[in-house]
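Q: Structure incoming, see below.
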């Protein structure tokens, strides 16, 4: 609410309080002392202006009528009237003085109560004084608090009694008290005997009285069961509680002792005379006597009437009842009449009201035979002179109702009833006494009620039936129940569509009925059409078939696609076919198709084709490629592998770099996989002297040749230099085995495979023996020499464990029994000799010691691995001793000694050669991460050292002395040969002479060459590509360096640098790219055709469309660019179209067609009240869009600040514009009525500040709220009102204020 005075506006919050009489009071803070003042709501029923001025309603007129609006002094309220004082603390002699403050406000009670309970020492359950505050007693208290929600505080009195203070809500305190008594106080038991019939009064209704008694006395009361003859009630609890409970129970019993119960047997036929009509008589009796009289209802066949109450009251009631009974027995007579059984219910009336009505009118009781009796005799009992009148009433009631029926086909019943009973409700509301009954399967409607009403209802229903028969029809068709759910469709889609389309109702029987009949009802034409459509559907379903396709479950997800996209395409293609996939958890391969026979067949073929493609695309082949060539197959930046993948459309997976696997897996179509495989093998073949050979070995021997977990074939591959041996897939029946690798190794592997196969065919035997893993390499020997000797001499094959095998000591011998025995014997002899450890020495020149111990003794570690763990010890560094000690198995020591002598000979024969290659090529020769140079080092067993890079910008030292006549420091220097190679170009190679020469040839073959290719200058930027992406791609793909000349040179020559075998491919690739770019240039020229079309700017928005929809469609359809003029362009009517000539012309024609259509349109302005604009436009323009879509017009509403805010422009075809204008004017009329109504409401709801302001303007400036006899006025002197902004008059809480005397008296703090 807003308060207004002449100067400023204050806002106050409202709060309301109700007193005991439900009068509302408002309490708010007024600008006075720090007091909260309550005002009766009646005060606020006056206008706010009256309240501010202090005038009462009768005074208001006089004040306004004053000549100048000057207030009379005596008309002002006094200070005490406006601000009544608070009541004094002391009560007045007459009693409590009521004031405004005390008369209305009801005191509030706290919902939290506190009670103190005392437990004497002798009754305490836990008496261990030393454990007070802990132990069981404390745990019990915590448990009580948790269970009841009350708060407990314990203390010990001087007498060691226990005081317990319980705080909380009343019910919580009472529950806590009961728990305290039962758990902290010792329990006693007693019993009290009261009559058995009084027990139920102790229990009370639903046991409420007993619960209340237990809470009140803090005891446990046990009452014997009704079937228990005992009358003893047991009570357990504290001594004090026992006494209280016993006293309360005895009180209840004593109260019941004062009451009496009488049972009087009265013939059932006289009960109506005792109760009277509508139980009036028995009610009067109970009121007069004060006793309670229980008469059994007519439906209960009991004659006993029970009277309860005080003894005197019961006696009076019994006497009165017996008197009535005797009187009626003496004077009443009976007559029997025959009334049709069907009319008995009319005599009884609803809830027996008619019988009560006859009894009330005539005093005669009417006895009707039970409904299950066939008797039609009705007996009337009463005074003889009243029987005639009662008989007339009975016959009148019996004949007042009639039963009639209306013939109506049963299928029309629900149409007569209407949706949710609407039609019938109209009739029953008009004639509520008529009962209308529809019986399922019967061709009639039964009416029952007053004769006149029944006739009226019968006439109305007959009219409805006639009308329905004339305009409705039905049909029944027979369809096999198994097709019913298909007719209904998913979510009722099919049947609902038929219902809506033909305006009919279709009843399909539920599954449990197992009925074939489907009933169609509705308009005759609609029924015929619906029947025809349903029969067609049924016949189509009869022609339907189900087919199961077996598709491997692994393909199901791929066929369905992400979010079902792919299967949706199949379903869209075959809409009549239902495709069901099995649940993934079922692990089933069966996909079910159901639909018309021909469509199912087509769909099945289509899906089989998809599956065949997937099977074809899921073909997988593994290609073994030597690990060192994987990098070359990947190519720089993955260019090689990417190209193979794209060109063969296959998926190629390479093993991880840290994996020992050499297998590259190719997945896709078989032909594509083979193509990719051949390309990968070609790369390997190109890089190394690799050959491939096929060996014919019977397929039945393949498994035995492969061996357990591939051990046997792996052993052959390792023995033969790591060749790859590929066996065909199991069960293929193919005999060919492929061997790939270096020529010599392939030939060796072939011989071994064929020999092993021959052995397997003759006879195969296997033996196992064990040797320490460190002996294995020595047993195998360098290049497999040792093991080859054993195999050659015995003919057996020896298989050593691989790194993956768990048992690293197990050696397997395979061959004929005799060969295996011999090989085993030799190996055991070798192993035994290895266990014989010896120590030997040899001499090695100290200058070669460094070679053996460098790189953390790598050479010595290799010797130990190769020769059975032999230990080699060199003398300490700095010592000139040549003695080297070898320790190990005798054969191992001898072999290691021999190998060391070979190394020393190599070191003595080692030469150093120089290879001069310009420094700029060094990086290219090294290859990525030095891979190429590492390969040469391994292949030729040499050491290669590249020079330090020369800084081309480094200047010679400034302090170098000047040399004259070839002298420097007295020494003669040889002149520098200008043809001598630079130090930075010299690569140093160390090793045996013949190996160094081979390495030099290999290095020179890696020196890149440069060729130039002529490419038109204007294409250079396209070859480079965005941010160099194009040229980078070509360089990665062809492994060359391509240099494009600087733009300022305007040169057509592009330089390609790389290895000789890469240059040709790079040149071809570059020329191919040039051809593509030239073709693109030609196409660009064709696409740059431009034409303009002149269109009035007012049509531009229409051509663009909403959110650019129309212009986007034209651009997409014709593949053109359409440019509209900018705001500041001179030619605002020019639209430019760019693209192929024929497409630009087609786009121009499409725009011209839109313009022609727009020119046929007209625009009309109408005036619509701007108050309804927002409502017509609707939320987010929804309303206006609906109108524009419905009438195919364009609407333009004025913008804010427009000259004419009511003008609305409608544009469209003339006839549509007229319709839209009519619609808008109708909406304006409808919405304007709501606007006017709302404005009228707002006028009443407007805050009263406006009227106050108006009154103030008439009276002049307000003086605010003025009172007489205020504390700040003394005598006749008038002091100014207190300043509300003054901190002295109205100090803030806590702020220090200087003491100041005032008429209010001394300040109290």
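Cβ atoms here come from the backbone N, Cα and C positions, even for glycine.
From a predicted model like this one, the values you see are computed outputs, not experimental measurements.
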Q: Which of these ranges is annotated region 'Disordered' in TrEMBL: 916-946, 947-977, 978-1008?
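A: Residues 947-977 are the ones TrEMBL records as region 'Disordered'.
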Q: Out of 813-840, 841-868, 869-896, let me know the one TrEMBL marks coiled coil.
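A: TrEMBL lists coiled coil for residues 813-840.
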Q: Kindly report the helix/strand/coil residue split of the domain 'K Homology' (471-539) according to DSSP, in that order.
A: 41 helix, 16 strand, 12 coil
Q: What does the DSSP secondary structure composition of the domain 'K Homology' (258-326) look like, as residue counts for helix, strand and coil?
A: 37 helix, 17 strand, 15 coil
Q: Near the coiled coil (813-840), which residues from the same chain, at least 6 beyond its ends, have a CB less than 8 A from one of its CBs?
A: 707, 712, 756, 759, 762-769, 771-772, 775, 778-779, 786, 790-791, 793-799, 868, 885-894, 897
Q: For the domain 'K Homology' (543-612), jot down how many residues DSSP puts in helix, in strand and in coil.
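A: Tallying H, G and I as helix, E and B as strand, the rest coil: 39 helix, 17 strand, 14 coil.
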Q: In the domain 'K Homology' (400-466), how many residues does DSSP put in helix, strand and coil?
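A: Output for the domain 'K Homology' (400-466) reads 36 helix, 18 strand, 13 coil.
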Q: Per DSSP, what is the residue tally for the domain 'K Homology' (1087-1156) in helix, strand and coil?
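A: Secondary-structure composition of the domain 'K Homology' (1087-1156): 38 helix, 15 strand, 17 coil.
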Q: Could you tell me how many residues in the domain 'K Homology' (763-832) are helical, how many are strand and how many are coil under DSSP?
A: 37 helix, 15 strand, 18 coil
Q: In the predicted model, what is the mean pLDDT computed over the domain 'K Homology' (471-539)?
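A: A mean pLDDT of 83 is what the predicted model shows over the domain 'K Homology' (471-539).
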Q: How many of the residues that make up the domain 'K Homology' (186-254) does DSSP mark as helix, as strand and as coil?
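A: Going by DSSP assignments, the domain 'K Homology' (186-254) contains 37 helix, 16 strand, 16 coil.
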